[in-house]
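Features of the protein shown, as given by TrEMBL:
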TRANSMEM  61-82  transmembrane segment
TRANSMEM  102-123  transmembrane segment
TRANSMEM  130-148  transmembrane segment
TRANSMEM  154-172  transmembrane segment
TRANSMEM  223-241  transmembrane segment
TRANSMEM  274-297  transmembrane segment
TRANSMEM  309-330  transmembrane segment
TRANSMEM  336-357  transmembrane segment
TRANSMEM  364-382  transmembrane segment
TRANSMEM  402-421  transmembrane segment
TRANSMEM  433-452  transmembrane segment
Amino acid sequence: MTFAYQSSLMGESLASAPPEEKSETFVEAVNSVDVRATDRSTRGGDVEIAGPEYRVYKRRWIGLVMLMIMNIVVSWGWLTFAPVSNLTAEWFSLSSESPVNWLSTVILFSYVVATPAVIYLLGRYSIKPALLVAALLLLAGNWIRFAGTQTKRFGVTMVGQILIGFSQPFFLNAPPHYSDLWFTSRGRVSATALASLSNPFGAALGQFLDPMFANRAEKLPDMVLYVAIIASVAVLGWAVFPAHPPSPPGPSGNAEKLSAKESLEVFKRSGDFWILWAMFTVYLGLFSAFTTLLNQFMLPRGYSMDEAGITGALLIVAGLICSAIVSPIIDRTHSYFLAIRVAVPVIAACYLAFIWVPSGGKVAGPWAVGAILGAASFAILPLSLELSVEFTHPVAPEWTSSLMWCGGQLLGGVLIIAMGAMKDDGNGGDMKWALVLQAVLACVAVPGAALIGRKSTVLRRLQMDQFAYQPVADN
């Protein structure tokens, strides 16, 4: 079997184009080329080009599981102290919980600082060497902060958090890169969902288990020790992580990615990408701030630390269940825009409702709103990452995922600082105005869901794969 390409598109246009025009010519060709399986007979007007055998391998699941585990651990490291912020302040003899918020905020800012190195390592050396660097940073960060907690040295603990923050972009930026490398268009959203959403699942474990590990300040070093041991075991999985498939899963996975300069040209022309980026930045930033400050939202209004932890756990678990249902459907139907237009207003409504729900005195309110917020947020997170790659293909996935995550992480850090400053110390630490700010930002971003996905929008990578060979299963 060979591929038949229209000669006027991929054959002549790309071959004759000067180097500075090749990226644009290639994008135009991808938009209009008719790629299909054919036999060895040559039909008039078509040029036959021998293509590689496309194959998917069972070992891809090993790498996916390893990515999931490492994302769980790095996220647990991010939110280790947030669910027990009051006990952390007591243990380190801090005057308020604001320095404790910085233990989470510094990881978000560290993410942005480390991202250029992540893009370089993923693009230059591929995924396995990059994850080795991340694993070493994660390991060092966990044990350094244990030493700091054990000796009550807040500065040392902060250094450990910074190292964990440097490791996080490797794990978060890797899923779209990995799914593009190993999976077909009928499995990429699900693969990205499993790996990316393992990150907030780690946060859920922290929200739920940390108050149990540390029910009083003296137990805080034990809690940090448990997390460090779990992280140490998890990073051993790097040894069995698959480097790259012997054969690509499809044409887009085999396509040569653009250089940095060529990628910037694609980004400049992609209005849909920037609308998606703006929405993703707002809702990821809000979600990061919400999960970090949830304990401080609820405790001043009469809820216990355990009830706040369960709210955070429900937020994540409901999201994981919803994503497990939605992601395979999106893989089959590619209904990206419909999912976004349904979920985004629901997310905004939940942030709006949370202004009043915590003051009701009954835990069913925050639990219900938290579960709905998690379900809607998690449903669109992986498909947004995959959609960003569709808008910009053949830009390397690590570029698009890095830009998407960086915006949300940076805004999340700013919001945690700003919302922490809105605490009303004269009213028991109530954070009503922080909740109002959340709701306003969530509502402002809603129109983006209607603007994205116009008739002229082209899903470039999907179009390239649409008429390609069916991949051969690895038996």
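Each residue's number is its place along the chain shown, starting with 1.
Using N, Cα and C of the backbone, Cβ positions are placed for all residues, glycine too.
Using a Cβ-Cβ cut-off under 8 Å and counting only residues 6 or more beyond its ends in the same chain, the transmembrane segment (433-452) has close neighbours at 272, 275-276, 278-279, 282-283, 285-286, 289-290, 293, 297, 337, 340-341, 344-345, 347-348, 350-352, 354-355, 358, 415, 418-420, 422-424. Sequence-remote contacts of a segment are chain residues at least 6 beyond its ends whose Cβ falls under 8 Å from one of its Cβ atoms, and for the transmembrane segment (336-357) they are 279, 283, 286, 290, 297, 326, 330, 365-366, 369, 372-373, 376-377, 379-380, 383-384, 386-387, 390, 432, 435-436, 438-439, 441-443, 445-446, 448-450, 452-453, 459. Only residues 6 or more beyond the boundaries of the transmembrane segment (154-172), in the same chain, are considered here, and those with a CB under 8 A from a CB of the stretch are 67, 70-71, 74-75, 77-78, 92, 94, 99, 102-103, 106-111, 113-115, 118, 121, 130-131, 133-135, 137-138, 140-148, 196, 199, 401-402, 405-406. Fewer than three CB pairs closer than 8 A are found between the transmembrane segment (309-330) and the transmembrane segment (223-241), and contact between the two stretches is not assigned (pairs 6 or more residues apart).
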